[in-house]
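Positions annotated as domain 'Phosphatidic acid phosphatase type 2/haloperoxidase' by TrEMBL: 64-173. Taken from TrEMBL, the feature transmembrane segment covers 39-59, 65-86, 115-142, 154-175.
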Amino acid sequence: MSEKRIIPPDWELKIKWNVKLFRFINSKRSKLLDRFYKYFFRLGKSYTLPIFLPFFYYTGGLKSFLHLFISLFITGVLMPLIKYTFRHQRPSKLMDNVYLLEPVTLKSFPSADAAYAFTLLGVIIFYGNLYVVLIFLVYALLIGYGRVYMGAHFPIDVIVGSIIGLFSGITGAYLTDIVKEILNGYF
């Protein structure tokens, strides 16, 4: 017996600009970009996030560290909930002639890598100067673009992941202030 879905499994294919933009980005091959993304994409993975913790502590002290922790927790809860609600397949499972730079697993919508990268951006906007914010913006955009370039995600996956990440960063700021009041004296 097959499971019933409220959302069709190929809904992303019905959004024409999504497919056209995916095809455009994914088809523009470059040896330089292939080499770059073969390594850079790892900086968007959740297992690399601890390398950013000392930077955030140095930039904004315990408050920014707590803000980042809370925001990453929000992203870490939302992403699996949304991914397994939609259970959407990767572009290579839905379309032919997709260039995959690395093997992909799990579900596609939304992009967790984009969400985590934009969570970092959503937090640093509260503590960093303009140059630091711009560096994190470029980092987040490169992660997002790379997910489409590598064939792992549709553009809409990255856009929604980015929105979730920024939402988590902003919500984390609000919750950090609440936690700071509760833990008054530790900050």
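Glycine too: its Cβ is placed from the backbone N, Cα and C atoms.
Averaged across the domain 'Phosphatidic acid phosphatase type 2/haloperoxidase' (64-173), pLDDT in this predicted model comes to 91. Residue counts for the domain 'Phosphatidic acid phosphatase type 2/haloperoxidase' (64-173) under DSSP, helix first, then strand, then coil, are 79 helix, 0 strand, 31 coil.
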